[in-house]
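Trainee: The following block contains the structure, expressed as structure tokens.
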């Protein structure tokens, strides 16, 4: 027991003995005893208190450990780059095990072909007084400059930076705070002129030149130098930073306010000397194409004529940023006179035409933003309009339809809030066939009827044609049947009334539509819950002044005299209306090919053998069958007129029944017509009708079965309105398929709160 206690005492005595700096391990004991005698000589195991872990906790506090583990935030700049805002790194022993690891990460983040191409090799303090050689020398909240092998360059790196991320800033960073504070106060005083604006910056040099778009607002435009920095990062000049910006007028941008003036396009120059040549201020075709997608909408368009160093004059209006940029700028060439006649292909009634040097920032892929004229003087000395009536009156929205030759955008009347559709036709795509578009527009300009989709307003520029059209959201004729819960013979009678009413009006103007089909009959829903049909798509319409011979239309609805090529007139529309009436009551067409062959279909149409098969027609009134028989007469003279349809008892009186035949008719429609299948959006149906142009109708001009064996009697006479579709040569191949093309469709129409009975059909009286 005594021996054990002696050993313990000696053990603690040994602990109290501190090894001297000069002492060596393994030195002989002062007692001279052997290594096996006594506890001091036989290598006793130290107390657990001397283990590595216990020593750690004895010598380093939790606070010291936490301080070592905490990441230090520091900002790093590029040597000599005054426009670089700096990059903040959180530096900790866990993230960077060595100083070299930090250099590698900085190289990855800061180095490129222009800046630090040899990577980060050296780190200086912000004032360049010394080099940093270890992680321990980096201090919290400080800023440092990264370089390769070059000497430190004295630049005020912190001029445009407000390091709000730093904590307990001391020493050199006080200058950064002072500089940032002065910039902040300067911006605060002069922010009134900053409005959201999208500008285009083109890099100087050999064409083609890169162009970028930058959004400027109160959050992105803090100072002139900061905007230059953003432009430098975006434009990436080969020579490095952007030193100066010039407008297309040749005026140098010297302050932030210059960005928010009348100019939208700027030329970016580097350290090299800028060449003030005429070519620098002229945008070539490829640059115009880039600019065409720059601006989405504009609240107003102004015109000005400031002079530029070159011979041309340029001035542009600020762009309004309220959506995805999609419209275009262009520099079209035109020789048209602004004094053209209203009905000529060169101009449209009631609209001001932009001059030959004028420019429209709209096209079929973008929103209409009518920019200023490049030249304040138009053709023949006429000056451009001071503002765009179209943009002042309407608010232009997103694209809702995109076709082969036109796009359709949302269009809202600013004064009434009423929705319309803006149809934008690209003239470049209509080259050589402008007369077809003009013919269609000239007819739309003439017609004004409650059962016809109306052309509200039109405008023409040198590159685009803008048509504000009535927007019908209720889907087409098939949608009205398939989406309803109840469909009766009386509903079909009202639909035929609306169609006949439109045809009587058109035929009174000697206009034949030639493409009457369910897809072109749109359902207009009124606030009181009532509905009516509106006829659209006048791409094949023309004025009748004599027999027509072009074989065109949709095969299922084409009249026999069109196929026979004996000459036809207005009553081909009555035949098509008769086919539609037949379909409305049973769900399938009166003439159809079992093998889906067009030649068989045409043979049946020419024969004109009309049947009302049981059981589909057992519950249909005789009055309806009588009217259909009168409408589908092969003999044109015996065929009834639109006025006679309106006066027929089945249409004008209550001869129709109220029996619900929705399920039967819908089933047959889905069986025989692809476009009768359920669709997702009723608005897109109306948009697709508006989106079509006369150029889309070329596929509907085909040869009849007699086209190969019989010569044509002659070309159709050209009406006084611009040339019609008749001038298109008849192709050699027939279109496949009697089935009409697919078109999008709607949800069921909403119930009406009052007025007439919800869901009933209006009968407009002339």
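The backbone N, Cα and C atoms fix where each Cβ goes, glycine too.
Sharing the record's features from Swiss-Prot:
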type: ACT_SITE; residues: 515; note: active site, proton acceptor
type: BINDING; residues: 400, 401, 402, 403, 404, 405, 406, 407, 408, 423; note: ATP binding site
type: COMPBIAS; residues: 7-19; note: compositional bias 'Basic and acidic residues'
type: COMPBIAS; residues: 24-39; note: compositional bias 'Low complexity'
type: COMPBIAS; residues: 300-312; note: compositional bias 'Low complexity'
type: COMPBIAS; residues: 324-347; note: compositional bias 'Low complexity'
type: COMPBIAS; residues: 724-736; note: compositional bias 'Low complexity'
type: DOMAIN; residues: 72-158; note: domain 'Doublecortin 1'
type: DOMAIN; residues: 197-280; note: domain 'Doublecortin 2'
type: DOMAIN; residues: 394-651; note: domain 'Protein kinase'
type: MOD_RES; residues: 61; note: phosphothreonine
type: MOD_RES; residues: 362; note: phosphoserine
type: MOD_RES; residues: 647; note: phosphoserine
type: MOD_RES; residues: 666; note: phosphothreonine
type: REGION; residues: 1-45; note: region 'Disordered'
type: REGION; residues: 300-378; note: region 'Disordered'
type: REGION; residues: 707-766; note: region 'Disordered'
Trainee: Can you tell which of 402, 515 has the least company, meaning the fewest other C-beta atoms within 10 angstroms of its C-beta, among these recorded positions?
Mentor: 402
Trainee: To the nearest Å, how far is the Cα of residue 515 (active site, proton acceptor) from the Cα of residue 402 (ATP binding site)?
Mentor: 21
Trainee: Quick one: of 400, 406, which of the binding-site residues has the smallest count of other CB atoms within 10 A?
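Mentor: Least crowded of the binding-site residues 400, 406, by Cβ count within 10 Å, is 400.
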Trainee: What's the most sparsely packed of the modified residues 647, 666, counting other C-beta atoms within 10 A?
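Mentor: If we count Cβ atoms within 10 Å for the modified residues 647, 666, the smallest count is at 647.
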Trainee: Quick one: pull the CA-CA distance for residue 647 (phosphoserine) versus residue 666 (phosphothreonine), whole Å only.
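Mentor: Taking the Cα atoms only, residue 647 (phosphoserine) lies 28 Å from residue 666 (phosphothreonine).
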Trainee: As a test of the contact definition, list every same-chain residue at least 6 positions from residue 404 (ATP binding site) whose Cβ is closer than 8 Å to its Cβ.
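Mentor: In sequence order, the residues whose Cβ lies under 8 Å from that of residue 404 (ATP binding site) (at least 6 apart) are 429, 693, 695, 696.
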Trainee: Do you know offhand how many angstrom separate residue 406 (ATP binding site) and residue 666 (phosphothreonine) by C-alpha?
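Mentor: Cα-Cα distance, residue 406 (ATP binding site) to residue 666 (phosphothreonine): 33 Å.
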Trainee: Which numbers of helix, strand and coil residues does DSSP report for the domain 'Doublecortin 2' (197-280)?
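Mentor: Each residue of the domain 'Doublecortin 2' (197-280) counted once, the result is 20 helix, 26 strand, 38 coil.
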Trainee: For residue 408 (ATP binding site), just count the other CB atoms lying within 10 A of its CB, please.
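Mentor: Neighbour count, Cβ to Cβ under the 10 Å cut-off: 25.
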